[in-house]
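Trainee: The structure's right below; bear with me while I get my questions together.
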Amino acid sequence: MLYKGDTLYLDWLEDGIAELVFDAPGSVNKLDTATVASLGEAIGVLEQQSDLKGLLLRSNKAAFIVGADITEFLSLFLVPEEQLSQWLHFANSVFNRLEDLPVPTIAAVNGYALGGGCECVLATDYRLATPDLRIGLPETKLGIMPGFGGSVRMPRMLGADSALEIIAAGKDVGADQALKIGLVDGVVKAEKLVEGAKAILRQAINGDLDWKAKRQPKLEPLKLSKIEATMSFTIAKGMVAQTAGKHYPAPITAVKTIEAAARFGREEALNLENKSFVPLAHTNEARALVGIFLNDQYVKGKAKKLTKDVETPKQAAVLGAGIMGGGIAYQSAWKGVPVVMKDINDKSLTLGMTEAAKLLNKQLERGKIDGLKLAGVISTIHPTLDYAGFDRVDVVVEAVVENPKVKKAVLAETEQKVRPDTVLASNTSTIPISELANALERPENFCGMHFFNPVHRMPLVEIIRGEKSSDETIAKVVAWASKMGKTPIVVNDCPGFFVNRVLFPYFAGFSQLLRDGADFRKIDKVMEKQFGWPMGPAYLLDVVGIDTAHHAQAVMAAGFPQRMQKDYRDAIDALFDANRFGQKNGLGFWRYKEDSKGKPKKEEDAAVDDLLAEVSQPKRDFSEEEIIARMMIPMVNEVVRCLEEGIIATPAEADMALVYGLGFPPFHGGAFRWLDTLGSAKYLDMAQQYQHLGPLYEVPEGLRNKARHNEPYYPQVEPARAVGDLKTA
């Protein structure tokens, strides 16, 4: 053994060839600060070996290196800029020394080589991969850019266009694509990986392969003519501006850095990467996006822990076909859980099957599946007008009309047709689960399972625990949601549960603004372009359905009369009374016409202004700041109340439900992350300016208390230790 650290070791493999093996405790290798330091020490040992002829890097895990240790990021990002810059210089010196070894080097890459793992293998001369490879640089998705030389080496290896596509979009690619663009030199079966890598090394050692020529371009300026450079970088900047926009500074910073570094050799190019990385690491966007990643891991880990002792349902059923039922049936079947889809009429069943077939055909068109797979999946969805097969199902989700009487009748009837241990769930969006449970003989086997539309796209499923729902019931439904590829978040019961309970105060803020003379077009523009929502409130209401929102608004008002009962006729009432239900009938705040792809496209409709004039004061202008404050304060206040009342368990789960269920702008990180970034005291000052608008604007006492003590909702993160400590951590 030449060297042994906590996460890697170095040993002789055969005559003159050494192997450096990443083998961290636990299931995966991460390129954390300790591993970077250990890698530096191992390379120091290699530099002393006079009889070294070649080096092979490999992993003892199912994946090579999954990336940097993102759990370290928030504390690293708090390190002063100068210290963070110094540590990056140290880390890059490690990869430079790997790249500068006086012998050929190869990385035998299996599974994932992402982020820092990718940057590590870019420093070797050759890369041999297994067919399950996923390699790339996802840093821009975390609000940063490559910091270990990825933005320098990749463009010089692949050419600017391929590298820009991966780096700016935060993409990873599979083995075939990696081979095609030159990111790896070959692909072999896993059992032949090490032998194949050794064979390439021997060829390089013997002079059959010119490893020095392979290495040289990475040390030099990017080989691009002025015209080629102008075209590549202009197109890349245009694409980034269009897709990422102003709220995500990392992609455009990465492109501009690669452009600026193109005319320099490795050392100066790395300095430019360092100078760009450090300011990005100190942005609110980076903290928010890293926070989302960590919250996602937390939520999925919680679901895994919750389901460790239960069997995942093997057979499911959906009550109520149509678009929603068909979407749920498709998602279950697509992920390998056969499903019975029941409705009381043929038309709805046809609609449900058509929806599932349409989604499968899209997969076929994209080349994700073949005809055989399509037929196989669709054959596991069994449409029925009766209860045939219900005696074999493990879980049933009810997705009928949003009416408590209808839902109770359907659930009570179904309970008599299934096994005593079968779990029943309701896909209600607002009706309290404990109320629906009153119709059942076995309420402990019942809970809520709130999917979001469109089911195949929206990652969140709210799992609602009723007063009598058993732990086993919740665990089974969480297991099914996870199997469907969804992110399940368990919430406690109340009208609207979590997501709709906090959404409708947001809509109430919108209605009040319209009542006071604001233009819905400006509100939408501000909330989309300035705050960052994917849709403004008017457009969102049109998509949800004005009739649906009108009904839900009444349910919420009955559930929370003190805050959500209104004493005036609002815009939603006016549009509902005029039969303007949104996209579903082509008229809402906008008029909708189908484009060439059959998708609804919004157009101006002057008639809506006359309708709104009946429920609004004369038009007046509002500042962007006031619009954002009046829209967001009711939502954030309600989010805080949900945490205080135990409806949602943690700030992390609340923020993920908002991001995955409502499209809360990821660069804000969710309501609690936004609140922490703003500061509770500053938020309180802002909210107090609007408390005259009514109970929705009254800040909860718990939040006032946070403001008094200047406390955040997320645990306080301490800056990482000094750079000197990081080197030897």
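Glycine is treated like the rest: Cβ placed from N, Cα and C.
The shown structure was predicted, so the numbers you read here are calculated from the model rather than taken from an experiment.
The feature active site, for 3-hydroxyacyl-CoA dehydrogenase activity is assigned by Swiss-Prot to His450, with sequence analysis given as support. Annotated substrate binding site per Swiss-Prot: Asp296, Asn500, Tyr660, in sequence order. Among the features that Swiss-Prot reports, NAD(+) binding site is placed at Met324, Asp343, Val400, Val401, Glu402, Lys407, Ser429, Asn453, with the record citing sequence analysis. According to Swiss-Prot, the feature region 'Enoyl-CoA hydratase/isomerase' maps to 1-189. What Swiss-Prot lists as region '3-hydroxyacyl-CoA dehydrogenase' is 311-729, and the listing cites sequence analysis. The site 'Important for catalytic activity' feature in Swiss-Prot is assigned to Glu119, Glu139; the stated evidence is sequence analysis.
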Trainee: Rank the binding-site residues Val400, Val401 by how many other Cβ atoms lie within 10 Å of each Cβ and give me the one with the fewest.
Mentor: Val401
Trainee: Please give me the recorded positions out of Glu119, His450, Tyr660 that lie within 10 Å of Ser429 (NAD(+) binding site), comparing Cα atoms only.
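Mentor: Among Glu119, His450, Tyr660, the ones whose Cα sits within 10 Å of that of Ser429 (NAD(+) binding site) are His450.
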Trainee: Cα-Cα, whole number of Å: the residue listed as 'active site, for 3-hydroxyacyl-CoA dehydrogenase activity' versus Val401 (NAD(+) binding site)?
Mentor: 13
Trainee: I need the least crowded one of these binding-site residues (Ser429, Asn453, Asn500), counting other C-beta atoms within 10 angstroms of each C-beta.
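Mentor: If we count Cβ atoms within 10 Å for the binding-site residues Ser429, Asn453, Asn500, the smallest count is at Asn453.
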Trainee: Taking only the Cα atoms, work out how far Tyr660 (substrate binding site) lies from Asn453 (NAD(+) binding site), in Å, as a whole number.
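Mentor: Spelling it out, the Cα of Tyr660 (substrate binding site) and the Cα of Asn453 (NAD(+) binding site) are 12 Å apart.
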Trainee: Between Glu119, Glu139, Asp296, Asp343, which of the recorded positions has the fewest other CB atoms within 10 angstroms in the structure shown?
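Mentor: With the recorded positions Glu119, Glu139, Asp296, Asp343, fewest surrounding Cβ atoms within 10 Å: Asp296.
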Trainee: From the Cα of Glu402 (NAD(+) binding site) across to the Cα of Asp296 (substrate binding site), what is the distance in angstrom?
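Mentor: Answer for this pair: 30 Å between alpha carbons.
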Trainee: Measuring CA to CA, name the entry from the binding-site residues Asp343, Val400, Asn453, Asn500 that ends up nearest Glu139 (site 'Important for catalytic activity').
Mentor: Asn453
Trainee: Averaged across the region 'Enoyl-CoA hydratase/isomerase' (1-189), what pLDDT does the model get? Just tell me the whole number, please.
Mentor: 97
Trainee: Give me the Cα-Cα distance between Met324 (NAD(+) binding site) and Asn500 (substrate binding site), rounded to a whole Å.
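Mentor: The separation of the Cα atoms works out to 17 Å.
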Trainee: Using Cβ atoms only, which residues of the same chain lie under 8 Å from Lys407 (NAD(+) binding site) while being at least 6 residues apart in sequence?
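Mentor: Long-range Cβ contacts: Glu398, Val400, Val401, Ser426, Thr428, Ile431, Leu436.
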Trainee: Whole-number Å only: compute the distance from the Cα of Asp343 (NAD(+) binding site) to the Cα of Asn500 (substrate binding site).
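Mentor: The separation of the Cα atoms works out to 26 Å.
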Trainee: Nearest by CA distance to Glu119 (site 'Important for catalytic activity'): which of the binding-site residues is it, out of Glu402, Asn453, Asn500?
Mentor: Asn453
